[in-house]
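Enquirer: Before we start, here is the structure in question, set down as structure tokens.
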């Protein structure tokens, strides 16, 4: 099992995703002899998981059942243990596209946090790219490195425990893209510029407050970045459902000349209806998460 390569069957020491319901998923470290408690009963790893195909339907001890899914960055985002606030798939997809990430890209990131964006970047740049991620908090950096090893992507990532605003990313002139998710990104713009390749690259900074965006944009301008723009991504999911609509009854056709026998017996009442697909907008729209500011380092 790897977050960047698909495996057919569940093996010992894999990380599997238990699907309990549409809004309920949980990660499980598969181990011989271990058990996992769910609201549907116990899942015994040795007999219920190991050797089964990913996507299998597993019956729990109380008779309920769950699905066991192969881990992906999207599933990890909605099931990971939160050590910090995280980025979700809506923003992650925009970041991946706007930074022009692809297999072989070299990316610098700060801070690592809970690793939500990191896993998405790793899948995008695999198998020949590399991620240099910096985390200020020692325990969080150690936990992130441990998770990367468990998820078998440690060969694609280097985790550093340092202050990116003072010490930079630990690399110079190698990155195709830089991502910043820190309280004062304007203090790290100079280090980000140094980490990017001489022929240029892309930078993205995530900030929840517009004042942070203003100061970051000023720092980007001072350091010679171009194409500076800010986005806010809001997701609006419509509910698709089937509805049944009655067909109108306009009465008998007066232009037609019915047979005499037909005039004696009144037609039965019509209850015809038609089924069709329709969508309804959400009653509540998820609010603001943060601003994404993008910029380009020009070729030097």
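Each Cβ is built from the backbone N, Cα and C atoms, and glycine gets one as well.
From TrEMBL, here are the annotated features:
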BINDING   114, 115, 116, 117, 135, 163, 181  S-adenosyl-L-methionine binding site
REGION    251-289  region 'Disordered'
COMPBIAS  272-281  compositional bias 'Polar residues'
Enquirer: Tally of helix, strand and coil residues over the compositional bias 'Polar residues' (272-281) according to DSSP?
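Expert: Final tally across the stretch: 0 helix, 8 strand, 2 coil.
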Enquirer: Does anything in the same chain, at least 6 positions from residue 163 (S-adenosyl-L-methionine binding site), have a Cβ under 8 Å from its Cβ, and if so what?
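Expert: Long-range Cβ contacts: 136.
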Enquirer: Apart from its near flanks, which chain residues at least 6 from the ends of the compositional bias 'Polar residues' (272-281) lie with a Cβ under 8 angstroms of it?
Expert: 236, 238-247
Enquirer: Please work out the number of neighbouring Cβ atoms within 10 Å of the Cβ of residue 116 (S-adenosyl-L-methionine binding site), leaving out its own Cβ.
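Expert: There are 23 such Cβ atoms around residue 116 (S-adenosyl-L-methionine binding site).
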Enquirer: Taking the Cβ of residue 115 (S-adenosyl-L-methionine binding site) as the centre, count every other Cβ atom within 10 Å, in any protein chain shown.
Expert: 30
